[in-house]
Every structure is written in structure tokens, then in C-alpha cells.
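Here is what TrEMBL says about this protein:
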DOMAIN    16-207  domain 'Class II aldolase/adducin N-terminal'
BINDING   His107, His109  Zn(2+) binding site
Amino acid sequence: MGFEKITLEHKRQVLEELADIKALFASRNWFPGTSGNLSMRVGDFDPEQFYFAVTASGKDKSLRTPEDFLFVDKHGKAIETTALKPSAETLIHCEIYRLTGCGAVFHVHTVFNNLISEFFGADGHVPIQGIELIKAFNIWEENAEIRVPVLPNFADIPSIAELVPGVLDANVPGILLRNHGIYAWGKDAFEAKRHLEAFEFLFEVMYRQLLLKGATK
Ligand SMILES: CSCCC(=O)C(=O)COP(=O)(O)O
Ligand SMILES: [Zn+2]
């Protein structure tokens with residue numbers, strides 16, 4: 001479906017939902033120093049052609065303004081004429097949509113996701129086992145283990161985006177960038193938010209467990 005066929009009402013709903021989530025995450029201090037970016041697909045998913053609303057680059061994400069979001073295509077290019085620049089990390093969102101067909105992608109920088117990404121960075125993944133909140137990923141097996149991929153934080157975003165297909169795990173809706181932050185996604189904004197909150201909880205638990213155990217690497 002072409003972008004022009006998507007109803008204005010649907011586009012407006014997506015922008016409103018994104019703005020509400022942005023405000024909520026800002027209230028949790030999840031966008032320090034203008035960091036972070038959010039996106040939500042508009043219209044149906046077709047790997048050949050899809051569109052999403054994404055935060056404009058470099059904005060203070062704790063503010064609500066008419067210039068917070070723009071619509072881009074599957075290549076991350078603005079669809080409408082605008083002075084706004086899509087997030088510098090839009091290509092990572094593009095790759096996650098392309099590979100998963102998801103409906104929303106949220107990226108935040110937090111102290112816990114940074115600490116944990118560095119602690120396990122050399123291993124290439126964060127192993128998490130036996131914590132109840134793994135069920136937020138719809139994994140109900142007892143004592144389940146997941147591995148959250150950790151990618152290097154290259155300055156060149158296309159170089160990060162091209163590593164995404166090699167590490168993406170269909171059962172784990174998140175990827176960490178080392179010393180940077182997390183990308184979490186879901187079939188819609190509700191699910192992406194649940195996943196992001198679960199990752200952040202799990203990283204905090206892991207951090208505190210490591211401290212209790214006096215862990216070193
Ligand atoms: C000041 S944070 C550095 C860039 C970044 O990691 C980020 O998440 C925000 O970039 P954007 O272009 O989306 O504002
Ligand atoms: Zn970032």
C-alpha cells in the first residue's frame with residue numbers, strides 16, 4: 001500500500017501514541033541529553049514497501065512540539081517535504097522492521113543498559129536465566145535462558161545496521177549497542193513498551209546480582 005493510501009486518521013493516531021510514549025519515557029529519564037529515538041509503523045507491513053513515523057534527530061525528547069516526528073520509507077528517507085531530519089539511527093529501525101515485520105521500535109540510553117552492555121560486551125551477548133520477567137517476552141518455559149545480543153557501537157550507523165541480521169534472535173525482541181543503549185521492538189507500541197520495560201528491569205536485576213556476587217571479568 002502506498003503512503004498516500006494510508007488514512008490521515010491512522011497517521012494522526014500513530015503520532016499521538018508515539019508522543020504519549022515519548023512523554024512517559026522522558027518522565028523516567030530515559031532520554032538523557034537528547035539521546036534515544038522512537039518509531040512506529042504506519043500502514044501494513046510489506047517487506048518491499050513500508051513506512052514509519054520516527055523521532056526527528058537531535059531534539060529534546062522531553063518536550064512535546066509539532067516538530068517531533070516525521071514519516072520515512074523503508075530506506076529511512078523522509079516521505080514528505082520537511083526541514084526535519086530523521087533520527088541518525090533510523091537505518092537500525094529500518095533493518096529491524098525489515099527483518100521482523102514489527103509495528104514499533106524503541107531505543108533508549110539508560111545507566112543499567114550501558115553498564116550491562118559493557119560488562120558482557122566482549123561475549124557478544126548478555127545471558128539472562130531464570131528471572132520471572134523473561135515471561136514478558138512470551139517465554140513460559142521454567143528456568144528459561146535468553147541471550148540478548150550486544151553489537152559494537154561503531155560511529156558509522158550503516159556498519160551497525162548491517163550486523164543486525166546476523167545477531168537477531170526471533171525469540172528475543174531486543175539488541176544492545178555496547179556502551180550506548182538498547183533497541184526493543186514489538187508487534188505494536190504496547191508490546192514494544194512491555195519488552196523495553198522488561199529488558200530494563202532484567203538489566204537492573206543482573207547489575208545488582210553481579211554486585212552482590214562481587215563479580216569481575
Ligand atoms: C546525544 S545522543 C547521541 C545519538 C544517539 O545515540 C541517539 O540515540 C539520539 O540520536 P537522534 O539522532 O535520534 O536524536
Ligand atoms: Zn542512541
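Placed from the backbone N, Cα and C atoms, the Cβ positions cover glycine too.
When the neighbouring Cβ atoms lying within 10 Å are counted for each of the binding-site residues (His107, His109), the highest count belongs to His107. The secondary structure of His107 (Zn(2+) binding site), as reduced to three states from DSSP, is extended strand.
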